Amino acid sequence: MVNPNQTVLTEFVLQGFSEHPSLRLFLTGCFLSLYIMALMGNIVIIALVTSSTGLHSPMYFFLCNLATMDIICTSSVLPKVLVGLLSEENTISFKGCMAQLFFLLWSGSSEVLLLTVMAYDRYVAICFPLHYSSRMSQQLCGALAMGVWSLCAMNASVHTGLMTQLSFCGPKVITHFFCEIPPLLLLSCSSTYVNSIMTLVADAFYGGINFVLTLLSYGCIIASILRMRSAEGKKKAFSTCSSHLIVVAMYYSSVFITYISPASSYSPERNKITSVLYSVLMPTLNPLIYTLRNKDVKLALSRILASFLH
């Protein structure tokens, strides 16, 4: 029970990187550059996929969805981080904090599911090439995308709704640079039992089941590639999967370090570093990885650049 004499908080203070004042200018430059790169890179991916007929396939359709979620993720974090670096105290209202939490959870969980769907798409393309067009129909791809967006919006709504039911009486400093579940639970002066249980359930589904499904898809893909007799066929098959495999490895590594750990072992400094990886670096690197390692995307980009130059 909350003491009636305690004041319920209406705003929080995001600690951000205030404990490193000498790095403020450097961090501002870094985060601003990364934000611009993430926005431009993902907008280019979306523009290329929508405007180039050669990219109208399931793989690029899901890549376009991933780019959209990357924009939502970075835009819900970095503008507030930059404000914090340029001001003395970075406050965020309770409603603003909950809104940020919702969009972060929505985009983050959507990315996990999209990576699983993209792994399944590669599995069908390599293991069942003759049935690829019928299995990965336009209707199925649309339904999968809608399912991802809807399921993850529901997941974000549940966690955000549960967070609004908690009482926050002080202290009000969030030891992070954005509103996230672990540091917020540490600030609550009411029971966080239900929140913790639901977080574990979400971790099991998003971090556990989806990770296993992705591993199974790639296990089948690798087995299928190794059975190929043609060296050229093996090389082509590996090249179509390499970009996605790099992104999956980087994303899950950072998410596991951040979320798959008990609340008692929460380390603000460690979580800030790993959170930069999945909320800032990954959305920035995704377009580069998929563009630089993909001939179709590079060809579409060169055609658009050529049309602008002529």
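Backbone N, Cα and C define each Cβ position, glycine as well.
Per TrEMBL, the features are as follows:
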TRANSMEM  25-48  transmembrane segment
DOMAIN    41-290  domain 'G-protein coupled receptors family 1 profile'
TRANSMEM  60-78  transmembrane segment
TRANSMEM  98-120  transmembrane segment
TRANSMEM  140-158  transmembrane segment
TRANSMEM  204-226  transmembrane segment
TRANSMEM  238-261  transmembrane segment
TRANSMEM  273-292  transmembrane segment
Any contact, the transmembrane segment (204-226) to the transmembrane segment (25-48), with at least 3 Cβ pairs under 8 A: no
Among 25-48, 98-120, 140-158, 273-292, stretch most in contact with the transmembrane segment (60-78) (C-beta, under 8 angstroms): 98-120
Ranked first among 25-48, 98-120, 273-292 for CB pairs under 8 angstroms with the transmembrane segment (140-158): 98-120
